Amino acid sequence: MLLSLKGIYKWVNTGINRTFLLKDINLDIDEGEFVSVMGPSGSGKSTLLNVMGMLDDFDEGAYHFMGDAVQNLKEKQRAALYKQYIGFVFQAYHLIDELTVYENIETPLLYKGVKTSERKAMVADMLDRFQIVGKKDLFPTQLSGGQQQLVGIARALIGNPKLLLADEPTGNLNSRQGEEIMELFRQLNQEGVTIIQVTHSEKNAEYGSRIIHLLDGHVERR
Amino acid sequence: MQGRMLMADSRKLEKMLKNYLITAWRSILRRKVFSLINITGLAVGIAAGMLIILYVKHERDFDLFHRNADRIFSMGIRMGADGDSLFVSRLRYTDAPVVTEREPSVAGFLRIRKGMEHVMIQDPAHPSVKFSEPGFAFADSNFFDFFSFNLLQGNSREVLQNPLSVVVSEATALKYFGTTDVMGRVLRYNNAYDLLITGVAENAPSNSSIRYDFVASLSSMSAMPELRQLAEKGRFDFLTFFTGRDDRAMPKVERSLAQLRKERDGEADGRFVGIPMQNFRAESGSDVNTVKYLKIFPFVAALILLLAMINYVSLATARAVLRVKEVGIRKVMGAGRSNLALQFFTESFLCIGMAFVLGYVLCAVLQTWLFGVLKINIDSSFIRKPGMLARFGVLFVVLTLLTSVYPSLLLSSFKPAALLYGRIINGGNAGVRRFFTIFQFAVAVLFVLCGIIIQQQIRYIKTADTGIDRDHVVTIPFGKDLSRHSLAFKHEVNSLGSIQKAAIALRPLFGGYDMTGVTPPGTEKITMMPMLEVDQDFISILGLQWKLPPADPLFYKTRQNVLLNEAAVAQLSPGKAPLSQKIAPFVVSGVLKDFNWKSLQYAIQPLIIAVVSDADSNAMWRGDRSVWTGSNGCLFVKIRAGANTALVLNQVKKLYQKYEQDVPFEYHFMDEAYDAMYRAEERLAIILSGFATLAIVIAGLGLLGLITFFAAQRVKEIGIRKVLGASAANIVTLLSVDFVKLVALAILIASPLAWYSMHRWLRNFAYHTEIRWWIFVLVGMGAILIALFTIAAQTFRAARANPAKSLRSEG
């Protein structure tokens, strides 16, 4: 099992009221799965994704990631964990505008401390795989949305993550570009990458092997 | 193994830094305007700071660059009672050798004899190369060993060994020979003696009181009969320096000299006083005020630098709002806090480095111009001296640390989830920013207020009725030859059509005076009093007013008759009818109304005016008085209003040259001589106005940063207000009021500070202007207007923004 959530709660206190963002989430995800998370706005999709990605805390419950109890880890250890095993893809791509395509993809390796020669080979490999070698010296603003998201995915994959978390990866793309990205996800999944994606679109959700519906912070059974 | 890891680590760090530098550089380029404001702002602050450091270091080191400067002191003698004494900063020829022999704590001595009069120097090989030189001195053979002036040619211990040898400065060598390779050449002294050039010295640095063009061996004096007498007569004519073996030598030398004087002259008047080298300038020169204001400048520089730094930090953190996304991405991509802190530190380092280089260049380019405006003399090479560069280096490190640490820590502390999902970052540092703004404006307002009040004082001084009519009055110092024909010269000048009147005096006004001892009625004690020796036209040419005119208009025909000013009457014979009072050896024959014969800094002091008749004046101005008084006399000329000044002066020059060939024609406008007394104050005013402008610009930039920050933070609030029906004007008011409050607070803080410091400063002047309340109102309103103007563009943009955009929900 890759990760398991047991009785996860997350809330914010507003005055005397407590608003629950996540309510009693119980979820096991195995390696090699492709999970789609769906639900209306404000249902807690992104929050759940952030909790799973360890970008955000939760208030109650147990979260085990590859056997480690996340709630018992210190912030630094948690960061070390997600840096090693998780890649993130965002709706708004979130590329660094000051860096070229090549440098954007390279950056995670720099933070990991990968040697120069190895790094070059890895980035070159990734550029080749996504067929964006010709664009490597361009800056993000010079690319189309679809191309930017390709770079975003390449950057997420460069560290060989076990888990890819994607928050509405096609939300800013037109349908053709979106389809291409989803095809790419399916392919990646077949190669062994576990993927959890948040999406609004039924069609995109169908790419997943399992669909989880969220409503008002808890998992809805159908 | 460990070594290899270290290597790998360092290579990793290197690659990382390179990546940071690239990002930093691109981010600077991306926001060109912002970076330009930020870097130039800092650079200007740095340049100002550097200039001040340069100036202060230059002045602090004044005369202290000599080896053992802390143990060098000069000796002088104070004659007369305290209060009205005369200080002669020289000793007799034989004093130093005897004292050095008697006093084991003295390691060495140096005597310098520098006459007040010019000497003629000529290149005998080219007789037309001939100049009248003011900078000629005789000195003991150890001159270049005693003081740390560098010789370009010649050995410091040998150059002045022989009589009739001379060391010239680099500038002098170039002036006479067009080259510095002048060893063995000859210069002729006063058309009589040939001096052999045995050395060439670097020009004395600008922060040396001791300046020289020619230094001849002291032994040369014994080869010149007219000067030999000086040594033999035992006059206090030799500037004498001692080096002590420890810091207790000075009082011992003072005592030893007193003992020596007792042995030789019996119970003679006078007390010997040592002057440590660091005080030499203040004691010997007139630059007392410059030294006094020196303490203010480091404070001003620190404030300006602080302003620039605060501004930089403020803008850098304001920009953080724009960088939060990047921080979030980098964190998600695996950056640790230390990675990010280092990245922003590198960026800061790059910006500050650029600002620093720009600042240095600005400083180097501007120094000549600026010091010219300020009438400060600083060698342009000073900025390149190792001592200066080391100080700038320290400044750089301190600056980088102070300005980089806070933004780096702040930026790297953001939490990624919040950033990436567009949650509003609560500016916990809003309070700090408000404080920054208040501080910046307070300093700007303080500078402006002080600058204005100092300017007002200067205007007050320039327009004050001092009892002297300085307009169109020119003074012309006499050369030695002319002093013998001063009467003839005066009459000839007087007969020129454009000349209203001419008068002779021993000294120009505001340019020194003599002291004389008098015995007031009813006492035995001698009181030392300042005295001016003038002729009968002096009073009318300067428009001096009578309090009690003399009964006999020809009073000056009698030698003992003198005039007093009111202050002198008050001091010498209060309560009595002054006329015909005897104040031995003089008799009072008239009283002049008080006039400011010295700087307005001082209350009017007692003054005796000895009016010398034409008959006496031949004897008066002639002869060797110049050796003792340092003045051959001078002519006061009042030019008719409307006359062509240049033309008149040219006519006077022709007359002058008829009598005087050696000393070149010189003239000084009296109002300029008057203004020159307040040069230090004017300098202060210029520097403060400059800094006030700078402070306003910097404070404005800081405000711009703040409004950008706040407008960005309040986008949502503004959007909501607009949807609810607020007009653009409502929004502008909403945003502006906050800032006006801050600026008003700054004014409230700065005003009493300015009032207090200026009140104290003005007390330095016996005659001064009043601080008026409306200045504060005016400056306050100005500051608020500037603030409103600065934030206008941003507030209008915020007010006119489309609320649909700012209120769009984030996915």
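Even glycines carry a Cβ here, placed using N, Cα and C.
Sequence annotations record features per position, and here TrEMBL assigns transmembrane segment to B:33-56, B:296-322, B:342-369, B:389-414, B:435-454, B:684-711, B:723-751, B:771-793. Annotated domain 'MacB-like periplasmic core' per TrEMBL: B:35-257, in sequence order. The domain 'ABC3 transporter permease C-terminal' annotation in TrEMBL covers B:299-415, B:691-803.
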Do at least three C-beta pairs under 8 angstroms join the transmembrane segment (B:389-414) to the transmembrane segment (B:684-711), pairs 6 or more apart in sequence?
no
Using Cβ distances below 8 Å and needing 3 or more such pairs, separated by at least 6 in sequence, tell me whether the transmembrane segment (B:723-751) contacts the transmembrane segment (B:33-56).
no
Looking only at residues six or more beyond either end of the transmembrane segment (B:684-711), which have a C-beta under 8 A from one in the stretch?
37, 41, 44-45, 48, 293, 296-297, 300, 303-304, 307-308, 310-311, 314-315, 317-318, 321, 373-374, 427, 430, 433-434, 436-437, 440-441, 443-444, 447-448, 450-451, 454-455, 458, 718, 735, 738-739, 786-787, 790-791, 794-795, 797-798
Please average pLDDT over the domain 'MacB-like periplasmic core' (B:35-257) for the predicted structure.
87
Tally of DSSP helical, extended and coil residues in the domain 'ABC3 transporter permease C-terminal' (B:691-803)
96 helix, 0 strand, 17 coil
